[in-house]
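If you look up Swiss-Prot, you'll see 5-25, 36-56, 65-85, 87-107, 126-146 marked as transmembrane segment. Residues or ranges marked as active site in Swiss-Prot (evidence: sequence analysis): ASP116, ASP134.
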Amino acid sequence: MYTKYKWLYLSIFFMLLDGIIKYGIRAYFQIGEVLYILPGINICYIENSGLAFGLFSEISIHYRGIFIWLIFFIIIIFIIFLFKCRLIYEHFAYSIVIGGSLGNLYDRIVCGKVLDYIDLYVGKYHWPVFNVADIEICVGMMILIIRGGWNMR
């Protein structure tokens, strides 16, 4: 069973990584402030009250509590999948999805909004601003989809 728990420790590491970066952004940036990094990449401090990429940001505050419980429930399901899977890439994928989800859930519970700060763009066209937790979730899900990790053997 210990080997299963080490993957939860990895999830906590990814959650803390996201949290430390967000702490630094909150400490050194003002909301709306933009810092040019490289062509096509800015650091841009925004707060997202919606879901991924700002979807449903206009939804009533009453429904946000439902979203928090839904996200919490989904994280529990992913933890169950983490304990049932057998392959290392599945453990890794579920661990980073859980870590990213916990990072954003923490923001949503404590701050009421998720801090996003990575701004990718080409010319005047910008991708929606996102954060490290979003990257963790997307990478983990891509690993599961590409490798067929949805199959519980």
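Using the three backbone atoms N, Cα and C, a Cβ is placed for every residue, glycine included.
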What's the most sparsely packed of the active-site residues ASP116, ASP134, counting other C-beta atoms within 10 A?
ASP134
In terms of DSSP three-state secondary structure, what is the assignment for ASP134 (active site)?
helix
Give the distance between the Cα atoms of ASP116 (active site) and ASP134 (active site), rounded to the nearest whole Å.
9
For ASP116 (active site), what is the secondary structure state per DSSP, taken as helix, strand or coil?
strand
